[in-house]
Amino acid sequence: MALLLELAHGLPWLYFSLVFLFSLMIGSFLNVVIHRLPIMLEREWQAEYRSYFNPDDEGVDEPPYNLMVPRSCCPHCNHPITALENIPLLSWLWLRGRCRGCQAPISARYPLVELLTALLSVAVAMTLAPGWGTLAALLLTWVLVALTFIDLDKMLLPDQLTLPLLWGGLLFNLLGGFVSLGDAVIGAMAGYLVLWSLYWAFKLLTGKEGMGYGDFKLLAALGAWLGWQALPIVLLLSSLVGAFMGIGLILLRNHHQSKPIPFGPYLAIAGWIALLWGDSITRWYLTNFL
């Protein structure tokens with residue numbers, strides 16, 4: 001930590017460069033999490049289903065599948081991805097977005113996640129003073145990136161990410177983080193109850209589900225990290241971003257009105273903005289409108 005402080009004050013360009021490069025590698029790992037975690041959960045659910053409803057069915061012995069095993073490979077030709085082909089961002093550019101084995105296109109989202117993770121991390125490093133708070137904010141940022149893309153893909157916010165994020169926020173603030181422990185606990189409770197109440201009010205009025213329970217847990221986690229004071233701005237920003245994005249998708253005819261839109265990404269975006277600039281936005285609003 002002392003070395004980071006010296007770099008940040010003496011050689012800020014080197015400090016930000018190291019944050020960028022390290023976060024590119026984190027983004028590469030997040031791609032693995034985004035792709036594999038839903039598959040791991042699906043396999044787990046299938047195994048639980050068999051154990052409850054078909055206890056005599058032993059199923060098929062499947063090879064291990066987790067975040068480390070098996071080795072990453074091309075989904076089209078099973079060409080194993082070598083170390084040189086797995087350099088964040090650069091490998092995709094070097095391969096021109098195609099598999100070295102079969103020349104099948106590689107989704108541009110892989111380098112996008114890596115670059116987005118790196119840029120958001122640099123923004124955190126430039127906005128917050130170097131210290132444990134910056135490291136905690138980086139961790140929060142990385143988990144929010146993973147949750148955003150999983151929800152976009154699968155309409156799912158896994159408990160395996162939201163619950164550790166919630167407890168991590170409480171623990172961080174217990175140790176003297178962004179807010180007091182009392183504010184963090186109230187933030188977690190209020191975050192969950194607000195969306196839970198909206199969910200049931202909407203369901204009673206329309207008979208439809210407006211959001212999932214993962215959204216409750218994500219807002220609770222943001223409340224645990226940022227305190228209850230940040231919840232109004234998180235809800236306001238997420239609603240505004242969600243409304244603009246939803247209207248834009250409908251106008252572009254890329255989205256049918258009856259098709260659900262994941263709310264988790266908008267909560268994640270709003271939570272990240274509140275993390276860095278929530279106090280400034282609140283002061284600006286109070287100064288100009290109240």
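Quick reminder: no glycine exception, Cβ is built from N, Cα and C everywhere.
These come from Swiss-Prot:
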- Cys74, Cys77, Cys99, Cys102: Zn(2+) binding site (BINDING)
- 14-34: transmembrane segment (TRANSMEM)
- 106-126: transmembrane segment (TRANSMEM)
- 130-150: transmembrane segment (TRANSMEM)
- 161-181: transmembrane segment (TRANSMEM)
- 185-205: transmembrane segment (TRANSMEM)
- 232-252: transmembrane segment (TRANSMEM)
- 261-281: transmembrane segment (TRANSMEM)
At an 8 Å Cβ cut-off, counting only pairs 6 or more apart in sequence, do the transmembrane segment (130-150) and the transmembrane segment (261-281) clear the bar of 3 or more pairs? yes
Against which stretches of its own chain does the transmembrane segment (161-181) lie, if we need a Cβ under 8 Å and a gap of at least six residues from its ends? 37, 133, 136, 139-140, 143, 146-147, 150, 187-188, 214, 217-218, 220-227, 229
Out of Cys74, Cys77, Cys99, which of the binding-site residues is least crowded by other Cβ atoms within 10 Å? Cys77
Other same-chain positions with a Cβ less than 8 Å from the transmembrane segment (232-252) and lying at least 6 residues past its termini are 194, 219, 222, 226, 261, 263, 266-267, 269-271, 273-274, 278, 281-282
Quick one: which residues besides Cys74, Cys77, Cys99, Cys102 have a Cβ within 8 Å of the Zn(2+) site's Cβ centroid, in sequence order? Pro75, His76, Asn78, His79, Arg100, Gly101, Gln103, Ala104
Return the residues near Cys102 (Zn(2+) binding site) by Cβ distance under 8 Å, restricted to its own chain and a separation of at least 6 in sequence. Cys74, His76, Cys77, His79
